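S.K.: What follows is a single structure, and I will ask about it in a moment.
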Amino acid sequence: MSNLSPEAIKVRNALVEKGIETPMIDLVQDKDQRRQGIEQHMREVIKLIGLDLSDDSLEETPARLSKMFIDEIFSGLDYANFPKITNIENRMKVSEMVLVDDVTLTSTCEHHFVTIDGKVSVAYYPQKWVIGLSKINRVVAFFAQRPQVQERLTQQILLAFQTILETEDVAVYVKATHFCVKCRGIKDTNSYTVTSAFGGVFLDDRETRKEFLTLLKK
């Protein structure tokens, strides 16, 4: 963990302590070794599906998949990729709600390894610290870039911002379409899943929670 930022370590420890960290193992192989291993196994999987890897359209697919898994869609499993965040002292004494709405969410269902596509809204009441608005998008993306279930993802985002901002006053709302429902099984193309998580004043005060949810509808 020596190559991890202090923020990454604090967030990871908070998630582990609360029991909401993604089930992960400690990896002993470096990225290149893991890419090679995944590529080899994907060759066997693709053959078992019945595809011809000698075709020029498919021959590089195992390598593409290995790079995609390690460097892109599952890069959030590595806390070395946690966004660099600088807390800014709240010298302006901002006391009103800060809301970032409609943050793009693209994740992967850990049950079937197909897409979760949706939007995330994050709000907080600044206490000692504020952070750059783009950092909210980056933290959401970090936790999305790993196999996920939406309920846990929502809780992870909440606790991450509570830890970074050193305040309980955080709210998270997620609305997403699950392609494991859309493209297989029931094949429901219309339904979506909504999850939310509230802390501090958002949890304790009904009017504050109502204000947050009302703003999402505008």
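Count begins at 1; order follows the chain as displayed.
Heads up, the Cβ atoms here are built off N, Cα and C, so glycines get one too.
Keep in mind that what you see is a predicted model, and the values were worked out from it rather than measured.
Pasting the feature list from Swiss-Prot:
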- CYS109, HIS112, CYS180: Zn(2+) binding site (BINDING)
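Are these features on the surface or tucked inside, and what are their neighbours?
M.R.: The Cβ of CYS180 (Zn(2+) binding site) lies under 8 Å from the Cβ of CYS109, HIS111, HIS112, VAL114, each of these being in the same chain and 6 or more residues away along the sequence. DSSP assigns CYS180 (Zn(2+) binding site) to a helix.
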S.K.: List the residues in the vicinity of the Zn(2+) site, defined as same-chain residues other than CYS109, HIS112, CYS180 with C-beta within 8 angstroms of the site's C-beta centre.
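M.R.: Sorted by sequence, the hits are THR108, GLU110, HIS111, PHE113, VAL114, ILE116, HIS178, PHE179, VAL181, ARG184.
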